[in-house]
Amino acid sequence: MGSGCMKVTKYFLFLFNLLFLILGAVILGFGIWILADKTSFISVLQTSSPSMRTGAYVLVGVGSLTMLMGFLGCLGAVNEIRCLLGLYFTCLLVILITQVAAGLVIYFQQEKLKGELSRIVEKLIEDYDPVNGEDKNLQDAWDYVQKQLTCCGWNGAEEWEKNYILINKSMTEYPCSCSNSSKDAEENTGFCRLDVMVNGTATYADWPVHRQGCVDGVQDWLKDNLGIILGVCTGVAVVELLGMILSISLCKNIHSEDYTKVPKS
């Protein structure tokens, strides 16, 4: 009976660690996607915010470590190596505690993150320059966001009035990615010129652009993606707990079996 339970525990532990290995690969892939992405709002964050880049590297590290733990768990379960199972249990406990701590930090830093996003985008809009090659990827990413979300600026189109190039041109041009005009449908970046010239200096009210800001759309985008991240992390945490329970159970069974094999004096 004990031998049968041990075999069942061993096979379940192997299957859970195989799933653990796959989930680790998902986390690793997500971290690499954040670092490699150049076309969505995530590019704005990881280019402008050191904390976002650090978070991406953390995801890569956690994903790699998770895959390693999955491999060690499979190896320890198949070969019934107690020291390897003990190391596996300890590493899982450390990873689980780290994940909980990271989740709490993110939860309590939401307002700070919103403020950081606002400052990043406002600075980007103010310094936006279509001929500036240094920030082209960042600017293209923000143009993509405005085009896809049909919005303009962070809180509204009026924020583009702070752009020094538009100021020098008396606001007679406007960001093409904000346009709600069909003639600008193919223009995704840079500035477009007003068709109807105004006397003196124009304002954003004269531009054929969307009036609403991108803040709501970006927050919805972040919530959607955060839900995916939390879902993956929750799945990993559940597998971690099951792996810890099964590894301890297998260790005890191995110990009991070894003890019964000791010849009585």
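From the backbone N, Cα and C atoms, a Cβ is placed for every residue, glycine too.
Note that TrEMBL annotation is computational and uncurated.
Residues or ranges marked as transmembrane segment in TrEMBL: 12-36, 56-78, 85-108, 228-251.
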Recorded stretches the transmembrane segment (12-36) and the transmembrane segment (85-108) touching, at least 3 CB pairs under 8 Å: no
Contacting positions for the transmembrane segment (56-78) when only residues 6+ beyond its ends and CB under 8 Å are counted: 10-11, 13-14, 16-32, 34-35, 46, 84-85, 87-88, 91-92, 95, 98-99, 102, 236, 243, 246-247, 250
Long-range environment of the transmembrane segment (228-251) - Cβ separation under 8 angstroms, sequence gap at least 6: 6, 9-10, 12-13, 16-17, 19-20, 23-24, 26-27, 30, 66, 73, 76-77, 80, 82, 85-86, 88-89, 92-93, 95-96, 99, 103
